[in-house]
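Quick look at what Swiss-Prot annotates:
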DOMAIN    1-142  domain 'RNase H type-1'
BINDING   D10, D134  Mg(2+) 2 binding site
BINDING   D10, E48, D70  Mg(2+) 1 binding site
Amino acid sequence: MQKQIEIFTDGSCLGNPGAGGIGAVLRYKQHEKMLSKGYFKTTNNRMELRAVIEALNTLKEPCLITLYSDSQYMKNGITKWIFNWKKNNWKASSGKPVKNQDLWIALDESIQRHKINWQWVKGHAGHRENEICDELAKKGAENPTLEDMGYIEE
């Protein structure tokens, strides 16, 4: 029987681009694990994606996951847009390369062994776990220690 996990994620950026951070809360039964990391130069969308990737990569076995995020970009990308991107050799409908392709590929790889129910939550609306993730992401952004490998300045 696969473990049922709840994951809440958020990304933050001080300036866009600027220093960024990720926050995640993983819950299994009564156990909670919190993640917070900061990156020197990045974008908000990259942090939203990286928060999910980092959270999923902490899991040691395939799980049944309900994943909550306030990022429509991440949710629509992984549940709708990615299928055409992959078919079109990572080109957007405009014909231009998909932005943040490195992280979309990493996210696509990290979801393969799990069954995920994707849920959008309204940000800054009093959702307890989303508020915690927001704080964790801001903390990370305020104390960056990592390079966001793959970030390309526009």
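Using the three backbone atoms N, Cα and C, a Cβ is placed for every residue, glycine included.
Keep in mind the model is a prediction, meaning the values are calculated, not measured.
A map of Swiss-Prot features onto the structure.
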| residue | record | CB count, 10 Å |
| --- | --- | --- |
| D10 | Mg(2+) 2 binding site | 29 |
| E48 | Mg(2+) 1 binding site | 27 |
| D70 | Mg(2+) 1 binding site | 21 |
| D134 | Mg(2+) 2 binding site | 20 |
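In the domain 'RNase H type-1' (1-142), the DSSP tally of helix, strand and coil residues is 56 helix, 51 strand, 35 coil.
Listed in sequence order, the residues T9, G11, S12, M47, A51, S69, S71, M74, G123, N130, C133, D134, A137 complete the 8 Å Cβ shell around the Mg(2+) 1 site centroid, once D10, E48, D70 themselves are left out. The two recorded residues E48 (Mg(2+) 1 binding site) and D10 (Mg(2+) 2 binding site) have their Cα atoms spaced 6 Å from each other. If you measure from the Cα atom of D10 (Mg(2+) 2 binding site) to that of D70 (Mg(2+) 1 binding site), you get 7 Å.
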